[in-house]
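**Q** Below is one structure. I have some questions about it.
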Amino acid sequence: MATYMSTICFGSFECKLPYSPASCGHIVKEREVPASVDPFADLETQLSARLRKQEYATVRVLKNGTFTYRYKTDAQIMRIQKKLERKDREEYHFQMAAPSIVSKITIAGGDPPSKSEPQAPRGIIHTTPKVRKVKTRPIIKLTEGQMNHLIKQVKQIMSEKRGSVHLISKKTTHVQYKEILGATRAAVRTAHMMGLRRRVDFRCDTWTVGLLQRLARTDKWSNQVRTIHVRRGDSGVILNTKSLKGHFGRSSGDLFIVRGSHEGKLYDARSRVTQSVLNSMIQFSNADNFWKGLDGNWARMRYPSDHTCVAGLPVADCGRVAALTRHSILPCYKITCPTCAQQYASLPVSDLFKLLHKHARDGLNRLGADKDRFIHVNKFLMALEHLTEPVDLNLELFNEIFKSIGEKQQAPFKNLNVLNNFFLKGKENTAHEWQVAQLSLLELARFQKNRTDNIKKGDISFFRNKLSARANWNLYLSCDNQLDKNANFLWGQREYHAKRFFSNFFDEIDPAKGYSAYEIRKHPNGTRKLSIGNLVVPLDLAEFRQKMKGDYRKQPGVSRKCTSSKDGNYVYPCCCTTLDDGSAIESTFYPPTKKHLVIGNSGDQKFVDLPKGDSEMLYIAKQGYCYINVFLAMLINISEEDAKDFTKKVRDMCVPKLGTWPTMMDLATTCAQMRIFYPDVHDAELPRILVDHDTQTCHVVDSFGSQTTGYHILKASSVSQLILFANDELESDIKHYRVGGVPNACPELGSTISPFREGGVIMSESAALKLLLKGIFRPRVMRQLLLDEPYLLILSILSPGILMAMYNNGIFELAVRLWINEKQSIAMIASLLSALALRVSAAETLVAQRIIIDAA
């Protein structure tokens with residue numbers, strides 16, 4: 001065993017000791033190495049599908065700046081993988097291909113880039129270069145003294161004229177000088193003055209506070225003000241804190257901006273208040289009282305609406321238009337000023353009309369471009385301007401009439417004096433005075449009629465009434481705006497409204513019956529043959545010429561029956577036409593046309609395409625309603641806006657009075673009535689009117705012409721000439737002739753007899769009920785039904801089920817909306833039926849409750 005020496009030191013002494021290390025045995029043992037475990041293996045397995053999608057995803061940026069993945073779909077990923085595999089496969093085949101020698105490299109087969117090219121000469125620019133000089137404007141800078149002087153001058157000027165100053169920092173502060181608390185003081189616009197309720201009513205920065213301190217120092221800035229004197233309308237006024245006496249809250253900057261009071265304590269608008277104080281605070285704004293009065297009475301005083309109101313107009317624009325309307329009707333400088341109200345009330349009626357007329361015209365000018373949005377305000381102002389337009393009263397004429405007959409009180413001078421006084425008052429006449437004036441005019445008409453004697457002059461043998469060879473100029477058929485590219489007349493909206501004529505007064509021609517079934521037109525004392533059969537044109541020329549001859553019917557010669565006279569003078573438009581020798585012009589064969597309206601009796605006739613009906617079939621007027629073609633011709637001169645009202649008036653006002661087989665006088669009278677409503681029809685051309693003296697009938701020629709010939713021809717070619725028949729003083733046999741066919745073919749629309757009988761003009765009662773049931777679940781059918789036959793609504797009372805179904809589908813509300821401005825009676829019927837439906841629903845509920853109670 002080996003011996004070793006060990007050295008031990010004790011201070012400076014060194015001691016060496018021998019020692020032998022013990023031998024140790026070595027045991028060899030294999031160490032167990034723990035198996036490595038990947039902690040993310042399971043996670044990678046779970047996220048493999050997501051990582052696979054993220055591998056092919058792209059990055060996009062949202063509107064808020066967030067970066068997100070835009071993942072591909074499985075189909076897109078499959079296509080990308082196939083593309084990569086194809087690329088790797090092509091690269092592998094390229095690498096494994098046999099070597100090849102490259103002898104030449106080109107770019108698309110062109111010259112190499114190193115080849116030099118000649119330099120092309122550049123073009124010469126024949127322009128003068130523009131030298132733009134930037135002008136530097138000096139920045140205006142004011143010293144502190146100059147700025148203070150400017151603020152002082154602005155304050156003095158604005159306080160004298162009670163103007164306003166805008167302080168623009170981060171926010172704009174509006175300073176207004178007003179007469180408040182016995183002095184001109186500065187006031188700011190707080191939040192509650194603009195309709196906003198906030199805990200802090202007014203906010204401003206330090207710079208704004210400094211300017212407010214200088215702008216608020218007006219003449220009586222140091223005068224003492226008590227809080228009990230501050231009242232409504234003083235919101236926003238800036239007071240001196242040092243001069244303010246009473247119970248008030250905290251403030252800063254020696255400024256107190258009035259907001260309101262709570263439990264007798266005055267609060268600064270810059271102070272933050274609690275929510276409970278805010279809810280119960282009395283704010284000193286005039287707007288509060290105004291809006292309180294408006295909101296409290298608006299809902300109570302408004303009228304019921306036939307629709308669901310929505311907020312479709314901007315509130316600010318509504319407020320501006322409300323102010324415009326207020327100044328147009330009740331002009332004043334301040335709405336709270338009693339002096340303005342007294343001055344308005346003390347105006348004479350004539351001066352008030354002039355004032356309203358001027359302000360209504362100014363209101364229309366101020367409305368400007370907003371008239372398309374506020375169409376109701378525009379229409380009101382136009383009506384107000386028209387109704388208040390001053391009348392130019394000629395006092396000299398009044399005095400002259402009064403000097404002549406003023407002292408005479410017997411008829412007819414009494415009636416003339418009444419009219420003279422009526423015209424002097426102008427638009428100040430009351431409804432009773434209008435009625436008295438009309439009665440006076442009636443008495444004058446009767447007096448003149450009784451006084452006038454018809455004097456017979458001349459001999460009928462000298463009567464001549466030639467028909468002009470020139471056609472009348474029709475402006476409405478010559479206007480380019482109403483013609484298409486083929487120069488055909490465009491009906492526009494009139495075509496839709498003309499269906500009221502076709503559905504009630506025309507029959508569809510059934511091709512199965514043939515044209516021969518419609519050739520004979522019956523009239524009270526005979527028949528007339530139409531040329532509708534000639535629509536089938538024979539190819540044989542001789543046969544065609546034979547059909548062109550017509551069926552001649554001999555008429556008596558020219559006599560008193562052919563003439564119309566007044567005061568002994570002939571009224572030529574109301575007479576039959578003659579030749580140069582005095583014999584009557586006899587009608588010839590009039591060929592038929594398809595779907596045309598034929599107008600004009602002088603020169604060449606005009607063919608206008610008929611409006612389209614409900615089908616493509618031909619239409620022919622019902623027996624006895626030939627005169628409907630006159631109103632259809634008048635529709636050409638009616639504007640598209642008035643077409644609906646015109647057709648309804650003809651259907652509901654004219655036709656019920658005329659019925660079938662009306663006299664020429666009655667037809668002319670209804671035309672005169674329509675001319676008052678629609679002045680444009682005065683020059684409307686009429687279809688040719690044939691006179692049959694044997695049967696005392698006037699025939700209105702339609703598009704199917706006339707096979708019967710030999711009739712006399714009436715000269716009247718326009719509505720204004722036809723209206724001449726509507727005169728009791730006119731001596732004429734023709735005005736008593738009948739126009740139309742048999743009277744029992746079509747009942748009058750205004751008759752009290754039920755129109756649902758079999759063979760009636762509309763339909764049977766069962767057919768009408770079926771149509772009503774069909775329209776309940778078809779809105780388009782129901783809307784058309786309400787427009788054409790609104791009184792079918794009454795049939796809903798036959799069944800509670802029908803009544804409830806119509807109510808649940810809103811049909812009664814639709815009827816009210818359609819007729820509220822057209823015919824109040826129909827709207828009232830719809831409202832009553834709606835109320836009845838509610839009662840039926842309540843009754844059914846009560847019956848169900850009774851059954852449940854009895855069963856219990």
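Cβ from N, Cα, C; glycine included.
Keep in mind that this is a model prediction, so the values were computed, not measured.
Feature annotation from Swiss-Prot assigns active site, for P1 proteinase activity to His192, Asp201, Ser235. The feature active site, for helper component proteinase activity is assigned by Swiss-Prot to Cys626, His699. Annotation source Swiss-Prot lists domain 'Peptidase S30' at 141-284. What Swiss-Prot lists as domain 'Peptidase C6' is 618-740, and the listing cites sequence analysis. Swiss-Prot lists 334-337 with the feature motif 'Involved in interaction with stylet and aphid transmission'.
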**Q** Asp201 (active site, for P1 proteinase activity): which of the active-site residues His192, Cys626, His699 have a C-alpha within 10 angstroms of it?
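**A** Cα within 10 Å of Asp201 (active site, for P1 proteinase activity): His192.
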**Q** When DSSP states are grouped into helix, strand and coil, how many residues of the domain 'Peptidase S30' (141-284) land in each?
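**A** Per-class counts: 43 helix, 44 strand, 57 coil.
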**Q** Given His699 (active site, for helper component proteinase activity) and His192 (active site, for P1 proteinase activity), what distance in Å do their CA atoms have, once rounded to a whole number?
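**A** Distance between the two Cα atoms comes out at 78 Å.
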**Q** Cα distance, His192 (active site, for P1 proteinase activity) to Ser235 (active site, for P1 proteinase activity), nearest Å?
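**A** On Cα coordinates alone, these residues lie 9 Å apart.
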**Q** May I ask for the distance between Cys626 (active site, for helper component proteinase activity) and His192 (active site, for P1 proteinase activity), taken between their Cα atoms and rounded to an integer number of Å?
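**A** So the Cα of His192 (active site, for P1 proteinase activity) lies 72 Å away from that of Cys626 (active site, for helper component proteinase activity).
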**Q** Go through His192, His699, our active-site residues, and report the one whose Cβ sees the most other Cβ atoms within 10 Å.
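**A** Result of the Cβ crowding comparison: His699.
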**Q** Around Asp201 (active site, for P1 proteinase activity), how many other C-beta atoms are within 10 angstroms of its C-beta?
**A** 28
**Q** Can you tell me how the residues of the domain 'Peptidase C6' (618-740) break down into helix, strand and coil by DSSP?
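**A** Here the numbers are 55 helix, 24 strand, 44 coil.
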**Q** Is it possible to get the count of other C-beta atoms within 10 angstroms of the C-beta of Cys626 (active site, for helper component proteinase activity)?
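**A** Cβ-Cβ neighbours of Cys626 (active site, for helper component proteinase activity) within 10 Å number 26.
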**Q** Of the residues in the motif 'Involved in interaction with stylet and aphid transmission' (334-337), how many are helix, strand and coil by DSSP?
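**A** Reading the DSSP string over the motif 'Involved in interaction with stylet and aphid transmission' (334-337) gives 0 helix, 0 strand, 4 coil.
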